[in-house]
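Annotated features, as they stand in TrEMBL:
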TRANSMEM  A:12-33  transmembrane segment
TRANSMEM  A:40-57  transmembrane segment
TRANSMEM  A:63-86  transmembrane segment
TRANSMEM  A:98-116  transmembrane segment
TRANSMEM  A:143-162  transmembrane segment
TRANSMEM  A:192-217  transmembrane segment
TRANSMEM  A:229-250  transmembrane segment
Amino acid sequence: MPSTAALVSQAFNGLALGSLLALVASGLTIILGTLGVLNFAHGALFAVGAYTAFVMMQATHSFVLALLGGCAIMLIIGFAMERLVIRHFYARPDEDQILVTYGIGIVLVEALRAYFGGNSQRVPVPSWGIGATKLGFMVYPTYRLQLIGIVAALLAGLYLVLYRTSVGLVVRAGIENAGMVGILGIDVRRTFLFVFAVGIVAVGLAGMLYAPVVAVTPDMGASFMVQSFVVIVLGGLGSFPGAVIGGLIAGEIISLTSAFDSAYSEVMLYGLMALVLVARPQGLFGTEGRV
Amino acid sequence: MSLLEVERINTLYGDSHVLFDVSLHVAENEVVALLGRNGAGKTTTLRSLMGVLKPRSGAIRLNGRPIQGLAPARIARAGMQLVPEERAVFGGLTVEENLRVARLTAEKPWPLDRIWEVFPRLKERRTSRGRTLSGGEQQMLSIARALIRDPSLILLDEPFEGLAPLIVQDLVELTKRLAADGRTIVVVEQNVAAVLSFADRVYGFNNGHVVYEGRAADLRADAAPMRGFMGLAA
Ligand SMILES: Nc1ncnc2c1ncn2[C@@H]1O[C@H](COP(=O)(O)OP(=O)(O)O)[C@@H](O)[C@H]1O
Ligand SMILES: [Mg+2]
């Protein structure tokens with residue numbers, strides 16, 4: 001039996017992992033809901049985000065500048081992907097969309113491997129995040145606490161855009177019925193481009209923020225992608241609140257199970273997903289209308 | 001010049017040819033009904049006008065401007081507004097949010113208060129999500145979403161279908177008021193009696209062909225011509 005302190009510390013790890021999963025899954029689920037495309041390149045883009053942090057950090061020696069530059073790069077990648085490839089697949093069958101996004105993912109990962117090599121890279125913890133913070137009952141790495149705060153702020157920002165702006169209104173309507181949004185005079189193609197780019201920046205940011213905590217490798221996004229697929233199924237396809245709550249639940253399950261035996265963490269995650277799907281096939285927050 | 005002119009459009013779903021040389025015209029302030037059995041091609045006609053389906057050939061002009069081949073969003077901004085058969089209310093959005101989406105790209109949108117005047121029931125439910133509305137309320141919202149854009153032409157696809165008689169009565173009254181206000185409307189409806197009570201002109205559809213064109217007043221006086229496109233029901 002792990003000690004209480006160890007469990008509490010794992011619960012915080014779960015919060016950090018869960019909030020990152022929430023950010024990754026948010027982009028995935030909004031893209032799926034609005035564009036109808038399941039983006040299998042999402043894991044690769046997570047790694048691309050981490051590598052942009054690595055490169056920008058070496059160039060600027062400032063984590064904040066690295067994040068800003070990284071966002072700009074992810075934005076360009078998102079725009080280019082949607083304009084050059086994805087938009088030509090909206091009307092195509094699901095299999096084609098899966099194949100093309102999966103293919104883009106492979107190309108990106110192999111490009112990273114070709115350029116940076118297969119060995120892992122390290123991104124230093126930002127100067128303002130070095131060390132540990134006393135929380136009274138335990139000591140916890142400062143950057144991980146900040147990570148939770150930053151991701152929470154990003155998710156709150158995403159919430160405000162989705163629920164308090166006209167663009168967000170159009171996105172939420174488009175998740176339910178993009179065709180009807182078009183009939184009401186709104187150019188859905190521009191909305192699609194916006195949604196895709198935001199989703200790509202979100203997953204890229206998750207990769208950048210995670211980079212100082214782990215070894216940066218070309219394949220680092222693979223497990224994140226599988227887990228975030230589970231998250232969006234758990235939360236309800238196309239649901240932003242579902243992705244956030246689902247992400248947090250998944251993060252806690254994985255981390256807390258690891259405190260006992262890490263071999264079982266994914267098993268527990270899939271077990272929970274199965275249970276939820278039996279009780280609520282549409283996921284926690286899913287409805288026929290979604291969101 | 002008619003507000004809407006449709007010249008010999010042909011529309012297909014994949015390889016299946018559904019509309020054959022459909023021509024019709026709608027003058028300003030006119031209420032035109034499209035009648036016909038299930039599967040006759042009425043919905044397909046409305047979807048072709050709105051740009052949801054692209055006719056293979058033929059011409060569609062709104063206010064003299066050709067609109068065939070344009071995306072629905074462009075056609076909506078040219079002044080046409082479809083209220084679809086399935087109503088397509090955004091279930092996760094509130095009543096008010098549904099209306100706000102609709103008015104975003106309208107040139108001269110109605111103020112919300114004007115919508116609330118026409119639909120007091122929707123005002124009561126303004127913060128309710130679309131999916132919690134009754135069928136009649138959803139139909140009102142779907143019509144309200146079109147009206148708030150102040151379109152020059154409204155296409156109503158079976159607005160009374162599946163609703164309780166009392167609610168149908170309300171909606172018929174509403175449609176009559178819209179007609180009296182000089183709105184131009186194309187309406188598809190199985191409830192022939194209801195539709196003939198406010199329509200000016202009628203097109204009869206059969207198997208994707210327009211087989212009848214005439215005045216609603218004539219059909220009210222003598223329903224015999226309807227047998228050709230409505231079958232025994234008429
Ligand atoms: N999505 C579709 N794909 C293929 N055929 C369709 C589709 N929608 C309608 N049809 C066919 O087109 C014809 C006309 O349908 P529709 O326009 O919906 O008729 P109406 O509205 O007059 O009842 C019918 O034969 C119907 O089966
Ligand atoms: Mg129909």
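Even glycines carry a Cβ here, placed using N, Cα and C.
Caution: TrEMBL annotation is automatic and unverified by curators.
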Touch test for the transmembrane segment (A:143-162) and the transmembrane segment (A:98-116), at least 3 Cβ pairs under 8 Å:
no
Would you say the transmembrane segment (A:40-57) and the transmembrane segment (A:98-116) are in contact under the rule of three or more C-beta pairs closer than 8 Å, pairs 6 or more apart in sequence?
yes
Close approaches to the transmembrane segment (A:12-33) from elsewhere in its chain (Cβ under 8 angstroms; 6 or more beyond its ends):
39, 42, 46, 140, 144-145, 147-148, 151-152, 154-155, 158, 162, 171, 174-176, 195-196, 198-203, 205-206, 209-210, 213, 224-225, 227-229, 231-232, 235, 237-240, 242-256, 290-291
Near the transmembrane segment (A:63-86), which same-chain residues lie under 8 Å Cβ to Cβ, leaving out any that are not at least 6 residues past its ends?
35, 37, 41, 45, 48-49, 52-53, 56-57, 97, 100-101, 104, 126-129, 192-193, 196-201, 203-205, 208-209, 212
With the cut-off at Cβ under 8 Å and a gap of six or more residues from its ends, the chain residues touching the transmembrane segment (A:192-217) are 16, 20, 23-24, 26-28, 30-31, 34-35, 39, 42, 45-54, 63, 66-67, 70-71, 73-75, 77-79, 81-83, 86-87, 90, 118-126, 129, 143-144, 147, 150-151, 154, 158, 161, 167, 171, 174, 178, 224
